[in-house]
Amino acid sequence: MTGNNQTMILEFLLLGLPIPTEYHLLFYALFLAMYLTTILGNLLIIVLVRLDSHLHMPMYLFLSNLSFSDLCFSSVTMPKLLQNMQSQVLSISYAGCLTQLYFFMVFADMESFLLVVMAYDHYVAICFPLHYTTIMSTKVCASLLILLWMLTTSHALLHTLLLARLSFCEKNVILHFFCDITALLKLSCSDTYVNEMMMYILGGLISVIPFLFIVMSYVRIFFSIFKFPSIQDIHKVFSTCGSHLSVVTLFHGTIFGLYLCPSGNNSTVKEIAMAMMYTVVTPMLNPFIYSLRNRDMKRALIRVICTKKISL
């Protein structure tokens, strides 16, 4: 961390969003409302899946894990952003920055992997309905989730350790609202070749391969449905898959554009806007798209409310 002509960096400054001063209060209220909506929406899904026995199925197990991941994903960046906007204290410690980066990568990867598992769950349910309970057994679902958590934590830890070995000299201003890995690499006065190679290789694999699996799952679904077409089945598939694919496009589209394209092609404002899409907007929309518009979730909410009223 130190050298003859180097100064130890003990903290970074997060410049946050490029918002004019007169609009700070407005955007603070907007982001606070979005964050509270994210927390409440995802907590509601987790509680409903926990309390209602009718939702103790693989699909809703994955939904509850997605909600937990979204809740944590948003909580990694939003509280610090809101604090900075309110107090104008832009500093974050070196250890705090690495910690934020680690958990950011964990839950970003988890989001990507869970989208794959959910696509596979749709595929099995539609193409192999008679074997669904056997293929997607409790043991298989639990094993999948354990594997996902192992992959995400290992990947995040690798990048965090690689970043911790770098030196940071005089520059400590991060042109972002959180400790983004690309922004930190630009500030380092060490050779970042290994970090950049690992970021593009592993990041590409973790983003591209899950996306390809999702596409393959839905191609198989559409081919299976169109072999024996019925209006009811086609409507059911499109109503289910359309919402999922829209969020897949939103999440993976911004990831691809932000991390897999050369940094020179994107201005700082564009990078921040794209990051806002998948760190703030997507976690807020997921409860509405995946669950709160779902008939089973609505029935579960009614049952839980009625049960509570009866118990009172």
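Cβ from N, Cα, C; glycine included.
Record features (TrEMBL):
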DOMAIN    41-290  domain 'G-protein coupled receptors family 1 profile'
TRANSMEM  25-49  transmembrane segment
TRANSMEM  89-107  transmembrane segment
TRANSMEM  113-132  transmembrane segment
TRANSMEM  144-168  transmembrane segment
TRANSMEM  200-225  transmembrane segment
TRANSMEM  237-260  transmembrane segment
TRANSMEM  272-292  transmembrane segment
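Between the transmembrane segment (113-132) and the listed ranges 89-107, 144-168, 272-292, the one holding the most Cβ pairs under 8 Å is 144-168.
Summarising model confidence by region, the domain 'G-protein coupled receptors family 1 profile' (41-290) averages a pLDDT of 86.
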